[in-house]
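Novice: Have a look at this one before I ask anything.
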């Protein structure tokens, strides 16, 4: 007996929900460290703002489409989780990073989303409204999937996969495959199309990982084998050490002085 398209769409959608659920929870360790250290440690808020914006758009699209319940479940969860991440970031970020986050949040997640709401509710009507919103979602998803191309270029240039973990590439490829299947059997090109690009780029990343996974180790071995030049003069080295020690002692004194002048409990 042949399996219906609705059954296959539900199966792929459920698997997509499970995998995307894990992807949304992946930054928990990062934000736990931020919470423990009370510092964002140079992390950027843009990826989480974009993820929230994407979840908001896909949730709105699913509500208008009315037959994409599994898109509603995962993107509702995504909106909640990404909002929590952003709140934690704002609490512990330095002033400049916090101000930039507020500006991006206002421009993208509030301003742009409000503009899309106005256009899709007053400028276009009926089936055209869903189509316009769908292609907006496609454009955003394509730009998000294309973002790791800079990492791909870095891997090819450095022949090292240090900044492209295999597990993440594999998970995102699997997620794109599941959502492509969901869109394909649901006969929704707006869901399926961007995930074709996502899967292709994911496979490319895994291929590069297989090619360059030993690149970093070879570079380290090469550095270890490089001959170490002996010091030209023990006398000169000793004199330099004395100068460095005197400089260090002077810097330590200045540092202690600076610490004593630092205001206690000053808000960032």
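Including glycine, each Cβ sits where the backbone N, Cα and C put it.
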Novice: From the topology recorded by Swiss-Prot, do residue 40 and residue 212 fall on the same side of the membrane?
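Specialist: Same side, per Swiss-Prot.
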Novice: Which residues, given as numbers and ranges, are at least 6 beyond the ends of the topological domain 'Extracellular' (125-131) yet have a Cβ under 8 Å from it?
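Specialist: Sequence-distant neighbours of the topological domain 'Extracellular' (125-131): 61, 64-65, 190.
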Novice: Pull the DSSP breakdown for the domain 'MtN3/slv 2' (131-214) and write it out as helix, strand, coil residue counts.
Specialist: 70 helix, 0 strand, 14 coil
Novice: For a three-state summary based on DSSP, what are the helix, strand and coil counts in the topological domain 'Cytoplasmic' (92-103)?
Specialist: 10 helix, 0 strand, 2 coil
